[in-house]
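**Student:** Positions annotated as NADP(+) binding site by TrEMBL: Arg39, Arg45. Under the heading FMN binding site, TrEMBL lists Arg130, Ser131, Ser132, Asn250, Ala251, Gly295, Lys310, Pro311, Ile312, Pro313, Thr314, Arg336. According to TrEMBL, the region 'Disordered' annotation covers 96-116.
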Amino acid sequence: MRYLTAGETHGPQLTAIIEGMPSNLKINFEEINRELQRRQKGYGRGRRMQIEKDSANIVGGVRHGKSTGAPIALIVENKDWTHWTTVMNIEPIEGSDEEKRRVHRPRPGHADLNGGLKYNHKDLRNVLERSSARETAARVAVGAVAKQLLTEFGIKVAGQVIRIGEVEAQVQNLPIDELIKVTEESPVRVVDKEAEAKMIAHIDQVKKEGDSIGGIVECIVEGVPIGLGSHVQWDRKLDGRIAQAVVSINAFKGCEIGIGFEAGSIRGSQVHDEILYTPEKGYHRKTNRLGGFEGGMTNGQPIVVRGVMKPIPTLYKPLASVDIDTKEPFTAQVERSDSCAVPAASVVMEHVVAWELACALMEKFGGDSIDEVRNNINNYLEQLERY
Ligand code: EPS
């Protein structure tokens, strides 16, 4: 399967095309919209989220509530577009730089300067409009469809916030359904109530100081069969693909699988997950330090992936930069920004991970209809039982 997204943050809409989704998958439209709304929530977001009310409008590949096997096309409108119809007009406009809102002052930490130099734009708006994290709304809509494919086969995806700036949450091993429920009720998507209060206070403080804050999010996936991904070629290792998807989320700087970087500082005997067997459970593990992966393949344990998000670079407190017109230094003033988008990023991460798993599932059990996929999975599960 593959997907592409298009669209600018202040343009009319985001557009996505998903190709390779099997036919006859029941599409739950409300569920896609619920996921989009989850992404909009979270303590620390700015005024833009009061303008948007994201929902996906499917405009291809679905008929009478089921996928047809044709590419699924969907759009998410930008409500803010009405304020930008001149600045973001597709047709040429007459007018001053002021009217075009030409951006010539690159913001440190954004794509502005690199993109301007690379694409030879003297209006950095041509870069920032597309590099904006608004694009993650399209990725959540796509991932929400992928999640529905996973749900058909009993695979569940959850996300939680582990850290916001200085405040780390105590991780509790909740059953996945409870984790989903508890994090949904938290404005910072965290289980640990004590940490929740401290995180909110920390975000307030950072905002008051004109600054921004990042954090760490975790995604857990349960019910994944053994053997998705492969050891035989570098680009078929599923943990590697997940890492790519995670680091591709706007502002993400790293990814860990299982205990991740900690594995570099402790002994092998403390890292590897011992293999057990019982007739009821089949092969399973004593622990899950490797986060559900060995040799680039799933090992039947829950998948545990963490990603780190840097603080949002749009600051009320200005950072030094250089004007591309005058080459003179300036300090940027900001009109509007989120001070913390870590809770939203947790939702985005769930969806990019779900997408990679759905792709790996379709690679292994590929079929053109959901029934064919189901037969292939059932055959394989029987083969595993006989092994
Ligand atoms: C973003 C800047 C802000 C955020 C935006 C991401 O938008 P604006 O420039 O319109 O104030 O609100 O996030 C979203 C619109 C969203 O849907 O998540 C950025 O520069 O990345």
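The backbone N, Cα and C atoms fix where each Cβ goes, and this holds for glycine too.
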**Student:** Quick one: DSSP breakdown of the region 'Disordered' (96-116) into helix, strand and coil?
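**Tutor:** Per-class counts: 9 helix, 0 strand, 12 coil.
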**Student:** Sort out for me which one of Ser132, Thr314 has the most neighbouring CB atoms within 10 A, since those are the binding-site residues we care about.
**Tutor:** Thr314
**Student:** Could you tell me which of these binding-site residues, Arg45, Lys310, has the greatest number of Cβ atoms within 10 Å of its own Cβ?
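**Tutor:** Highest number of other Cβ atoms within 10 Å: Arg45.
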**Student:** Going by C-alpha positions, which of the binding-site residues (Arg130, Ser132, Ala251, Lys310, Ile312) is nearest Arg45 (NADP(+) binding site)?
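**Tutor:** If we rank Arg130, Ser132, Ala251, Lys310, Ile312 by Cα distance to Arg45 (NADP(+) binding site), first place goes to Ile312.
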**Student:** Please identify which of Arg39, Arg130 has the densest Cβ environment, defined as other Cβ atoms within 10 Å, among these binding-site residues.
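**Tutor:** The residue with the densest Cβ neighbourhood is Arg39.
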**Student:** Out of Arg39, Arg130, Ser132, Ala251, Lys310, which binding-site residues lie by ligand 1, with a C-beta less than 6 Å from some atom of it?
**Tutor:** Ser132
**Student:** Would you mind ranking the binding-site residues Ala251, Ile312 by how many other Cβ atoms sit within 10 Å of each Cβ and giving me the lowest?
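**Tutor:** So among Ala251, Ile312, the binding-site residues given, the one with the fewest Cβ atoms within 10 Å is Ala251.
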**Student:** Please give the maximum pairwise Cα distance, in Å and rounded to a whole number, for the FMN-binding set Arg130, Ser131, Ser132, Asn250, Ala251, Gly295, Lys310, Pro311, Ile312, Pro313, Thr314, Arg336.
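**Tutor:** With Arg130, Ser131, Ser132, Asn250, Ala251, Gly295, Lys310, Pro311, Ile312, Pro313, Thr314, Arg336 as the binding residues for FMN, the largest Cα distance is 45 Å.
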**Student:** How big is the gap, in Å, between the Cα of Arg39 (NADP(+) binding site) and that of Ile312 (FMN binding site), rounded to a whole number?
**Tutor:** 16
**Student:** Give the three-state DSSP assignment (helix, strand or coil) for Lys310 (FMN binding site).
**Tutor:** coil
**Student:** Could you find out if DSSP has Arg39 (NADP(+) binding site) as helix, strand or coil?
**Tutor:** helix
